Amino acid sequence: MAVSRSGAAGVAAGGDTTDDADRARLHQLGYKQELKRGLSLMSNFAFSFSIISVMAGVTTTYNGGLRYGGPASMTLGWLVVAAFNGCVALSMAEICSAYPTSGGLYYWSAKLAGKEWAPLASWVTGWFNIVGQWAATTSTDFSLAQLVQVIILLGTGGATGGGYTASKYVVLAIHGFFLVLHGLINSLPIRWLSWCGKLGAFWNTAGAFTLVILIPAVAKERASAKFIFTHFNDDNGMGIHGKAYILALGLLTSQYSLLGYDASAHMIEETKNADWSGPMGIISSVALSTTFGWIFLVALTSIVTDIPYLLSPDNDAGGYAVAQALYAAFDRRYGSGVGGLVCVGVVAVGIFFAGAMCIASNSRMGYAFSRDRAMPLSRVWLRVSKNEVPLNVVWLSVVVAFVMALTSLGSQVAFQAMVSIATLGQYIAYALPIFFRVTTARRSFVPGPFHLGRYGVAVGWAAVLWVAFLTVLFSLPVAYPVAKDNFNYTPVAVGGVLLLSVGAWVVNARFWFQGPITNVDL
């Protein structure tokens, strides 16, 4: 693998020379500098690392991992996902270095698909990306609302002790409250948002490190290493008995936990030394999240000794496995589960920071997409406030995330489609420009300062094939016999995005959308 450190952005390590080089490179790509370029490499990394938030991803999908395959599917499955996800991240970083713009994925597709297919490729990639991001914000803040409800439930006596169980309307209200807070945070100048991102990165690192040490130390009953790495749970109560099928479904925990690192690309027009810092933000956030996430996952699984009880809706946490395991571990050791509640609270704060950074990434993607006139009412969403923040699209992201969560009032199963769109929608958007990089642009691609050399095409194909596998896998039934209460809405949700985007293209957009447009003379 070849990695070079040359190019326009590398003229200087900082100061006006670097800013001028970044501005000049952006101008070459067709855009004028409108956002304040105040982020360092560390800040850029922090946005992606905070969004990935492995504490959040592992905690909120742990029930599914226990049900489908159990400890073995999660601990070993994580390593499989990490290897292929690393290929996706490396390929994205290589393309990001060549095209450092906030549009990110849809801009890359336009430049790599070839002149004939550029508009359609850009259009479809952009809509998968932004809808996937909206769904990610929805699922992140709704997961936070659910976790807060579990903390309240356990703090008031638990499900078996008459604790308070919030209605679906209260949970939705909590979700809306956090969305508004995140909107307010993202309305601040970039220096404050940068500080928030760094705090989120610190919290996720320190929190995970603390819990990894604390959880096994407190637990009186700990699982053996054999159980953690080899125990396979096929007693899922979902009518699925094929071990390979169960194991594959269990990969969702790992895949959802390693998502959102395109934020480094979307924040790149506010990042100094962009064509190097952006790729490094992607790679470092994925590498560290993969490492910390696996260690955190193993630590959590070390206190799993009774899978059916942890998944039972009749336990104190109402079936929320991670909260129940932590609460029970402290209760057995100290006669009180308060310490477990504190641990769950640490995770909740990590999810809070992830939600704030999701809005940041949403808004920059929406701003860039509007700049290229792809969004309805684009002139409204591309406006930048006096603080050099795309304020209107920040609040658009808040509203859309709340509207998406309204599906929870009808069916929790339907709401799970939000997680599916967040995962598959974004990964499809990740894979499309990589696919064009290894096909139509295989010989014409001009790399930036970070590149993979002769390994670029092989790594790219591994990434594309992995996403294709995921798309099929997560569209399969998750229970038999299939009924309205267990129907997998993933193919409906993802297929709906594809149908609507292509339909809009055929009916209307093909007549006016030509892909990214220049605004340097506007």
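Backbone N, Cα and C define each Cβ position, glycine as well.
Source: prediction; values computed, not measured.
Record features, source TrEMBL:
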- 41-64: transmembrane segment (TRANSMEM)
- 76-96: transmembrane segment (TRANSMEM)
- 142-162: transmembrane segment (TRANSMEM)
- 169-189: transmembrane segment (TRANSMEM)
- 201-219: transmembrane segment (TRANSMEM)
- 282-304: transmembrane segment (TRANSMEM)
- 338-360: transmembrane segment (TRANSMEM)
- 389-407: transmembrane segment (TRANSMEM)
- 413-436: transmembrane segment (TRANSMEM)
- 457-480: transmembrane segment (TRANSMEM)
- 492-513: transmembrane segment (TRANSMEM)
Outside the transmembrane segment (338-360), six or more residues from its ends: residues with CB under 8 Å to it: 47, 50-53, 55-56, 59-60, 133, 136-137, 140-141, 143-144, 147-148, 150-151, 154-155, 178-179, 181-183, 185-186, 193, 196-197, 199-200, 203-204, 207-208, 210-211, 214-215, 218, 260, 263, 267, 322-323, 326-331, 394, 397-398, 401
Contacting positions for the transmembrane segment (201-219) when only residues 6+ beyond its ends and CB under 8 Å are counted: 45-46, 49-50, 53-55, 288, 292-293, 295-296, 299-300, 302-303, 326, 329-330, 332-333, 339, 343, 346-347, 349-350, 353-354
For the transmembrane segment (76-96): best-contacting stretch of 41-64, 169-189, 282-304, by Cβ pairs under 8 Å: 282-304
Beyond the flanks of the transmembrane segment (169-189) by 6 or more, those residues with Cβ under 8 Å of it: 36, 137, 141-142, 144-146, 148-149, 196, 352, 355-356, 358-360, 363, 385, 387-389, 391, 394-395, 397-398, 401-402, 405-406, 408-409
Outside the transmembrane segment (41-64), six or more residues from its ends: residues with CB under 8 Å to it: 74, 136, 139-140, 143-144, 146-147, 194, 197-198, 200-201, 204-205, 207-208, 211, 249-250, 252-253, 256-264, 267-268, 271-273, 276-278, 280-282, 284-286, 288-289, 292-293, 296-297, 300, 311, 319-322, 346-347, 350-351, 353-354, 356-358, 360-361, 419
Non-local residues, at least 6 beyond the ends, that sit with Cβ under 8 Å of the transmembrane segment (282-304): 45, 48-49, 52, 54-55, 57-58, 62, 66, 71, 74-75, 78-79, 82, 85-86, 89-90, 92-93, 96, 204-205, 208-209, 211-212, 215-216, 219, 221-223, 227-228, 257-258, 261-262, 264-265, 310, 321-322, 325-326, 329
